[in-house]
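Following: one structure in structure tokens, then a few remarks.
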Protein chains: 2
Amino acid sequence: MFGVRACSALWGSRTVSRVQLLRTLSGMTVAQVGLHSIVYTCTITDLFNPMFCFVMQIDEEVAKLLQLKAKLGGDDGKIQFVLKTPKGTRDYNPKQMAIREKVFNTIVHCFKRHGAETIDTPVFELKETLTGKYGEDSKLIYDLKDQGGELLSLRYDLTVPFARYLAMNKITNIKRYHIAKVYRRDNPAMTRGRYREFYQCDFDIAGQYDAMIPDAECLKIVYEILSELDLGDFRIKVNDRRILDGMFAVCGVPDDKFRTICSTVDKLDKMPWEEVKKEMVNEKGLSEEAADQIGEYVSMQGGMDLAERLLQDPKMSQSKQACAGLTDVKLLFSYLQLFQITDKVVFDLSLARGLDYYTGVIYEALLTQAGVAPVVAEAQNGAPGSTEESVSVGSVAGGGRYDGLVGMFDPKGRKVPCVGVSIGIERIFSIMEQKAEACAEKIRTTEVQIMVASAQKNLLEERLRLVTELWNAGIKVQCICIFNPKLLSQLQHCEESGIPLVAILGEQELKDGVVKLRVVATREEVDISRGELVEEIKKRTL
Amino acid sequence: MFGVRACSALWGSRTVSRVQLLRTLSGMTVAQVGLHSIVYTCTITDLFNPMFCFVMQIDEEVAKLLQLKAKLGGDDGKIQFVLKTPKGTRDYNPKQMAIREKVFNTIVHCFKRHGAETIDTPVFELKETLTGKYGEDSKLIYDLKDQGGELLSLRYDLTVPFARYLAMNKITNIKRYHIAKVYRRDNPAMTRGRYREFYQCDFDIAGQYDAMIPDAECLKIVYEILSELDLGDFRIKVNDRRILDGMFAVCGVPDDKFRTICSTVDKLDKMPWEEVKKEMVNEKGLSEEAADQIGEYVSMQGGMDLAERLLQDPKMSQSKQACAGLTDVKLLFSYLQLFQITDKVVFDLSLARGLDYYTGVIYEALLTQAGVAPVVAEAQNGAPGSTEESVSVGSVAGGGRYDGLVGMFDPKGRKVPCVGVSIGIERIFSIMEQKAEACAEKIRTTEVQIMVASAQKNLLEERLRLVTELWNAGIKVQCICIFNPKLLSQLQHCEESGIPLVAILGEQELKDGVVKLRVVATREEVDISRGELVEEIKKRTL
């Protein structure tokens, strides 16, 4: 009671809604003090500490604002739960999980066809592991609170943990995939499948191989996955960091402006050239002339022919870097021909992916079919920024070569060449979900083969005995866990959830040692002897 | 340069090891200041700000300590990476992932056999969602740093997010499983499979059903999974929260000490009774007489018979709560008989699982086979606390009924009865890994069916053409991505990684339109026409 008064005094006119003396914990009296949704467990001494009360006050204001924001009713001092998932995150319900499982199966099957192994890493890394890897995007990293011990951050992608893993285990050679969640404190656009927690689905080849063969295999994988998922037409844009740098050099961009001009070029998929140019000249201080020269190059698209033409280009050919990049793009296209995927791949000088760690080939896959649902949905919402976002076509995969990243982790700077691709699985989920909804496709969320039901009362034990028999034989069975369910409701449940068979038990069936097997779709019924039931179910649910 | 001097002045005798003026970013001059492993990107103005320099100093000290701790060599001001995963976490390498996939398949198959759907929730929740659910263990929750916006915590288990999901979506009826990672700032014991990041594998049944049927199904699931994983003999201990509370009441424990005495009873699997009693009397202030009465009850073990006997017990039968619990345990055992699993289930009055949210039946499965490897390994290390840990037998699953949890999230307090079980998958992984190592079992980490190889030079293109043919036909193929690999090294790779077949290409084979198919195990070789190759591979790698 002392605590309450002391605290109220410190808080001025405020009243503490709940102070509850708890219990003697290791001989120390402990109180729970609560205002709104925050409850503090503290010692009585804490309540006399002005700093403690000050922190409580700040936390309390934040909680109040959050609650007001969620508009969940009155601020009456009662504990109010904001019943939601954190901003930019979502639950997956069983239907979404069924779609997710299907998509993952397709993708994993493709990775396995290419002989990949898989690894997993922790969801958080030492903070310093992520430091200096993401350029301007570092501000989007989630940090964990310092609760004593190491400083930790949630992983921002799967590539940096992969590089850390290689360096730490001195692995110089691996083809691996990794499907896991990553975290970015980005502005979420959930209707378009952009979340703060989202799956990445990465395939990477590390090791010293002959030029462009692993790079071409990554593109083959993107091609296979996007074809098999049947998401409509797509394009894979290809460029090379060295071509971009060479282009900047021959266009007269000062060395120290390469990265920032590159970020501006990267916006070309979201803004028209005029705006990009304005940013280069007005914000980044580039000369109008240099910007115009860049403008000419970044409008170029083609295939192997374009690479050949640029190798002859009087300006471009002055850059050794650009020539190295162009020669590799030429070689890459020769392998893409062998892999039979050149119909969807475009060499596009405007592609300039943001991440700092790319050193060679870069690529990005886009869905090109008009009216990809999620984009349209957001544009109609008229939310701020929706115009910009509706222009953006759906990027569903991206990657490139990053030969320097592993060396950043190795104590002796030993490099391991790497190339990889990340499948934009959340965008793909969103599209698949909308497709499933649009065609009113019925998605099963369980694989139950048969329901054990009864038309008569007091047969629970007999039902459970049969269920046990079937479980023990490996059959997927369901049974309503109540004494006397109605037959109609049991049959309805089967129709709703797509269970194909029902085993109906009654006094007569028990006497005859049979089960009435009902096919839900046709309503056909047939008596099957108990001994033959398992085989019959297997035959009918292949 | 100004920044360096200003900063040095503020830091007194310290020297900044690196100050690097970076670039003009949106017209603002930016510097990178580094001491040890921390690098700050800041404006020049920041360097004059005493608060900024103060924060830098603190961070720097923390980083220094961390580095010293990791003993990674000199403090020479060079950027030093501590190349490790965070404390209590681990990477999974491809072999571990192969084991993990196998274990998950077994478990998921069992869940699906029981008709369960699956859901997923975000890795973090609003902090307040977890508040007040875990009693004394709340201190183990990982919080995220407040970077603006909502206050978040990493999930501590999958049960509370499940309850939040049910309340949020007004679901009153679901049988679901959820396999995902959870986070506890606990003292890790990694050789025993206890981590700070670990998988949970939960199966729960929510909904109003007739008593003890879903509870019995949870035990059936534990029984099936532990049997199928072939981990040696096991026991499933069963008790009921109401029996414990009734027992405390009739033994004269004051109401407000039920929970704390319950936590002490929970330690009986790790400490002998004498120590538990000492804690009750000396630390928790219980009378010696009450403690002795509890001691008598908690030594009791049995089956349905014990429940019947206790219902007649003159003291126990005075508690309505205890009688309700005992009647349910009797009923539970009748269903366990139908499910044919009573041989491994024991009614044990000493079982007192820690979590606050259980309201009825509770259970825990333990491996009983002597010499479960991880425990022994730790005891031999002689690490502090290892004696205690080596006494503890391997708990590999646990759960119970929690009828009140969903109501804690519902604005109107509407309850949804729930019962569930969590499989201790990390402990199981550890055992499986040690088993695999012990019997020198060869674990394949890929599913590659065939390697496309060549004995001659300059056949890269031909190899890639064949690989493409096979990929397009759905065959899992590997091929060494270099111009002229040696045949011997290609064959060796197959032997090491368990690839069963090799397709060997040479000038002669290309002329004849065939491929030399080699069986790695037997070294048998046979020519197969290109047109029949796919079928032949499928036939041989069923």
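Please read every residue number as a count from 1 along the shown chain.
Cβ atoms are placed via backbone N, Cα and C, with glycine included.
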Candidate from A:ARG113, A:ARG184, A:ARG235, A:ARG309 that TrEMBL assigns to the same L-histidine site as A:ASP157, A:LEU158, A:THR159, A:GLN200, A:ASP204, A:ARG353, A:TYR357, A:TYR358: A:ARG184
Position of peak Cβ density within 10 Å, selected from the binding-site residues A:GLN200, A:TYR358: A:TYR358
Cα-Cα distance, maximum over A:ASP157, A:LEU158, A:THR159, A:ARG184, A:GLN200, A:ASP204, A:ARG353, A:TYR357, A:TYR358, record's L-histidine binders, Å: 21
Those residues of the chain, 6+ apart, with a Cβ under 8 Å from that of A:ASP157 (L-histidine binding site): A:VAL182, A:GLN200, A:ASP202, A:SER422
Chain-internal residues, separated by at least six, CB under 8 A from A:THR159 (L-histidine binding site): A:ASP202, A:ASP204, A:TYR357, A:TYR402, A:LEU405, A:GLY420, A:SER422
CB within-chain contacts under 8 A for A:ARG353 (L-histidine binding site), separation at least 6: A:ASP266, A:ILE362, A:GLU364, A:GLY398, A:GLY400
Collapsed DSSP category at A:GLN200 (L-histidine binding site): strand
